[in-house]
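Once you've had a glance at the structure underneath, I'll fire off some questions.
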Amino acid sequence: ASFFFSESKSRDRATTLACLTIFLAELGLSFLWLLSQAFRWWPMRRTAFPDRLPEDEELPPIDVFVCTADPDKEPTVDVMNTVVSAIALDYPPEKLHVYLSDDGGSPLTLQGMREAYDFARWWLPFCKRFGIKTRCPKAYFKEEEEDGEGNGMSSENEFGSERKKVKEKYELFKERVNEYRKRHQGDSSHTGRDHPPTIEVIRGNVPDEVMQAHQDPMPKLIHVSREKRPSHHHHFKAGALNVLLRVSGVMSNSPYILVLDCDMYCNDPSSARQAMCFHLDPRLSPSLMLVQFPQMFHNISENDIYDSKIRRYFSTCCVGMDGLKGPILSGSCSYIKRESLYRKPMQEGFDLMDLKKLFGHSNEFIKYLWQKEKPSKNTTAGDSAALMKETQLLTSCGYENGTKWGQEVGFMYNSVVEDYFTSFTLHCKGWTSVFYTPSKPQFLGTATTNLNDMLIQGMRWYSGLSRVGISRFCPLIYGSLRMPNLQSMCYAEVSLLPLYCLPICCFATIPQTCLVNGISIYPEVSSSYIMLFAFIFLSSLCKHLYEVVASGHSVQTFLNEQRIWMIKSTTCYVYGTIDAIMTQIGMRRASFLPTNKVDDDEQSKRYEMGIFDFQTSIMFLAPMVTLVILNMASFIGGVARVLTLGGFDKLFMQIALSFFVLVMSYPVIEAMVLRTDKGRIPRSVTILSAFLSLVLLLLGSSFLM
């Protein structure tokens, strides 16, 4: 009798511990849910009126920063399409300066810029003459129907003739870039991690006298490749942007900066004028640091199985924060006030030594800190040897030593999500931002369209976000003292998003293990308390469904978002959090890998068909498949137990939970059992995951018994 009493007591303690763990998981979900409500407190949508802007002569200059790092993962022709679309913005050309940061120091990228500049000399006059609205050549020539291309001043035959001529120039441009790639393929003399600085004002390969027929003024195009040495930390994209900030400070010094990813082309040439509507508004301008446009993508299928639109962030989070102090800087598609990146207005009378401690020992750069206009008319022409020497200094890998770059000025370091961290510190200092969504997408980029790239990109993002969340800059502590509480809650929800992995992993394992052992941890069906659980669960799903439908999307989008959230919670949320903790305590260094922009035909075909592609690392597949098999086993075992031994009233909630997980995991089950194509889950992974799920069940059962 004493033996059975002891066994029963031990079992009760294990059951109590399981219930307590689930309770803590529910508290964690409730806490994250509470933070997310800050986005819904005061949403705002804006309208711009570009026709009310001053004359072109009075518009402020703009510098455009485009960043690329690896010509193998970021095809040079696509990068140059982004550059050409930026050159072709509807803005006074003498007030537009385009800088390309070539972080790999690739000769192919430099040659591509020269070829792109030659092509742009034909492309810009063509666009202006015929009123072309799609200024990205690749996107324009892909369109099957032209709408609104004529301006009534030229005949259709003349337009067709010019269009054919420009298309031939575009094909020639692509051919020359690809030929250069083939000729220099396998050249081992160059490495992207160890190279000297290179700055060149691009003039193209065609002599100016050949282009006399095209005398339209052209924006300046500058190639910048900073010095990189293995012994120096280069701080990834934030380091590249800070170099562009310094170089442009002595070459053009425009008060506003457009930041673009290399694959994010300008889809509408009017974005600069629309952004200036906010930057020049006297009510907003004094404290306005940036105007953020949503990131949209041209390669997303109708089904969007990987949630590549990032709908929740741009449709809910950014719109909600716009009603507070403004949205988070999203890394691309943003017009930033240069002055805000210097953290405080520069005024004459500052002590020179203090400025050098902040910004470094370049006298030329410091001279222009408080100068609003361009340094001189001849500066960007590149004729000054002294200027070129100065830019070499500003791009050297040791320039930032002993300065406050990345700590108090410029784009912030200490996190691979430099956009989030930079806007957070700026909002803490009192700056505001604006989110603007016009009817026509202003920028279009390339989204991740396979599971592997999505999870790798996600792991990088969530590692950076988690690192901010667990550092001294935690928004709930550091931010709540320096910005409104709702704004700090928004920042906290984004930085703590990876912590969803903890409650989700609990819900995916503990109730299932208890179900197999016949242990009930939820109220019985006959209990009135079950209504509370059902209400919370169903209302959460209904709220999500409402937001999806209200933003113009379908029920399928709702299912896809739920599915991807569960996949991320058991993969990149987990690894991102672990990586952040290890980086924070010094066990490893932060790393950054550019997302692959090269299309795979088979993967693209499966994506268009709405079929998941599971060609990814086993470190992503194993946890996901293990939990799915565990839920399959618990569901089958639970139903069998109820049918043979009874107890449906007690175990219904756990059976329903396992069934819900299986419904959301149908693509995983299909890839394990039914599919035979390359995108299926390998048999070896299925066997390993089955073994791991068996181990989990045995360990859980032994603990509960």
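Here the Cβ of each residue, glycine as well, is placed from N, Cα and C on the backbone.
I grabbed these lines from TrEMBL:
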- 14-35: transmembrane segment (TRANSMEM)
- Lys73, Glu74, Asp103: UDP-alpha-D-glucose binding site (BINDING)
- Asp103: active site (ACT_SITE)
- Lys237, Asp261: Mn(2+) binding site (BINDING)
- Asp419: active site (ACT_SITE)
- 530-546: transmembrane segment (TRANSMEM)
- 618-639: transmembrane segment (TRANSMEM)
- 651-673: transmembrane segment (TRANSMEM)
- 685-704: transmembrane segment (TRANSMEM)
Mind checking which residues of the chain, 6+ beyond the ends of the transmembrane segment (685-704), have their Cβ under 8 Å from one of its Cβ atoms?
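Sequence-distant neighbours of the transmembrane segment (685-704): 11, 14-15, 18, 509-510, 513-514, 516-517, 519, 618, 621-622, 625-630, 633-634, 672.
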What subset of the binding-site residues Lys73, Glu74, Asp103 lies within 10 angstroms of Lys237 (Mn(2+) binding site) at the C-alpha level?
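Close binding-site residues: Asp103.
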About how far apart, in whole Å, are the alpha carbons (Cα) of Glu74 (UDP-alpha-D-glucose binding site) and Asp261 (Mn(2+) binding site)?
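The separation of the Cα atoms works out to 10 Å.
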Among the binding-site residues Lys73, Lys237, point out the residue whose Cβ has the most other Cβ atoms within 10 Å, with all shown protein chains included in the count.
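When each Cβ's neighbours within 10 Å are tallied, Lys237 tops the list.
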Between Lys73 (UDP-alpha-D-glucose binding site) and Asp419 (active site), find the distance joining the two CA atoms and give it rounded to the nearest Å.
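About 22 Å separates the two Cα atoms.
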Go through the chain and flag residues at least 6 beyond the ends of the transmembrane segment (530-546) whose CB is under 8 A from any CB in it; none is fine as an answer.
33, 522-524, 555, 558, 561-562, 653
Please report the number of other Cβ atoms within 10 Å of the Cβ of Asp419 (active site).
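I count 22 other Cβ atoms within 10 Å of it.
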Round to the nearest Å and give the CA-to-CA distance linking Asp261 (Mn(2+) binding site) with Asp419 (active site).
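Distance (Cα to Cα, whole Å): 12 Å.
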Roughly how many Å lie between the Cα atoms of Asp103 (UDP-alpha-D-glucose binding site) and Asp419 (active site), rounded to a whole value?
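Just about 18 Å between their Cα atoms.
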Would you mind checking how many other C-beta atoms are within 10 angstroms of the C-beta on Asp103 (UDP-alpha-D-glucose binding site)?
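Here the count is 24.
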